[in-house]
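First up is the structure itself, then whatever we jot down about it.
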Amino acid sequence: MTTTRSKVTGIRTLLVSAGLAIGGLVAGTVLVSVAILGLEWAGVSVFDHPARQLFLSTVLLQGVAFGSIALGYLALSDRELSFLRVRVPTLRDLGWIVGGFVVLFGLLIAMSQLLQAIGIEPAQNEVVRTASQEPIAFLLLVPLSILLVGPGEELLYRGVIQGSLNESFHVVRAIVLASAIFASIHVFSLIGSGAGVAAYIGFVFVLATVLGGAYVLSGNLFVPAMIHGLYNAAQFGLAYLQATAAV
């Protein structure tokens with residue numbers, strides 16, 4: 001009886017976690033669409049300015065939507081903010097951040113070489129394609145990645161989703177499940193072949209397990225938030241240099 005109840009609780013938690021991820025994406029998409037249409041109606045051009053599009057989508061999706069969904073769920077489920085396990089970073093935390101960043105970039109290089117060797121072109125994220133139309137947008141995404149993207153996504157996926165899953169599953173299984181949800185949700189923003197999309201999703205899953213592990217081992221949500229933000233920021237910085245032929 002206890003085993004059956006535990007399985008039901010686990011399935012319910014998994015479904016709620018998936019719902020939070022989908023809800024965050026849908027809420028953010030609606031907010032961005034309404035904001036863009038409202039600005040266009042007011043005479044402020046957004047469709048013709050990729051940098052403005054990306055600024056709005058980052059602020060409203062990762063910032064407002066993800067933050068609201070995460071904090072709203074905590075309130076509705078009667079959880080305290082302490083559930084998130086976040087604190088002022090220590091020197092040890094900074095070490096975790098540096099180490100995690102190096103690991104992620106090492107994995108990026110290894111995966112790029114592997115895909116090139118086997119002849120698979122990885123799918124492209126829609127954000128990159130949009131920013132390529134106005135390269136200055138890549139520079140805008142550098143600070144936004146650190147201030148909003150990393151913190152917003154880690155708050156929802158590691159802090160709330162992984163944290164909730166950890167109440168019903170073993171910590172390793174919680175990391176794997178949260179990472180699978182995180183990776184899967186990216187499919188909606190990818191452009192490319194089936195093999196390219198699969199490769200991208202698989203790589204994001206691996207990166208997410210690193211972030212999930214960093215959260216568990218450090219015990220501080222600030223750590224994966226900064227690893228994630230710095231990793232994205234570095235990629236956008238390099239993309240700007242490539243787009244402007246500086247490298």
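Note: Cβ is positioned from N, Cα and C throughout, glycine not excepted.
Here TrEMBL flags 12-39, 54-76, 96-116, 136-157, 169-191, 197-217 as transmembrane segment. What TrEMBL records for 137-233 is domain 'CAAX prenyl protease 2/Lysostaphin resistance protein A-like'.
Per-stretch counts of Cβ pairs under 8 Å to the transmembrane segment (96-116) identify 197-217 as the leading one among 136-157, 169-191, 197-217.
Using a Cβ-Cβ cut-off under 8 Å and counting only residues 6 or more beyond its ends in the same chain, the transmembrane segment (169-191) has close neighbours at 10, 13-14, 17-18, 21-22, 25, 123-127, 129, 153, 157-158, 161-162, 197, 200-202, 204-205, 208-209, 211-213, 216. Residues 20-21, 24, 50-51, 54-55, 58-59, 61-63, 66-67, 69-70, 84, 127, 130, 178, 181-182, 208, 211, 215, 221, 224-233, 236-237, 239-240, 243 of the same chain sit 6 or more residues outside the transmembrane segment (136-157) yet have a Cβ under 8 Å from a Cβ within it. DSSP labels the residues of the domain 'CAAX prenyl protease 2/Lysostaphin resistance protein A-like' (137-233) in these numbers: 88 helix, 2 strand, 7 coil.
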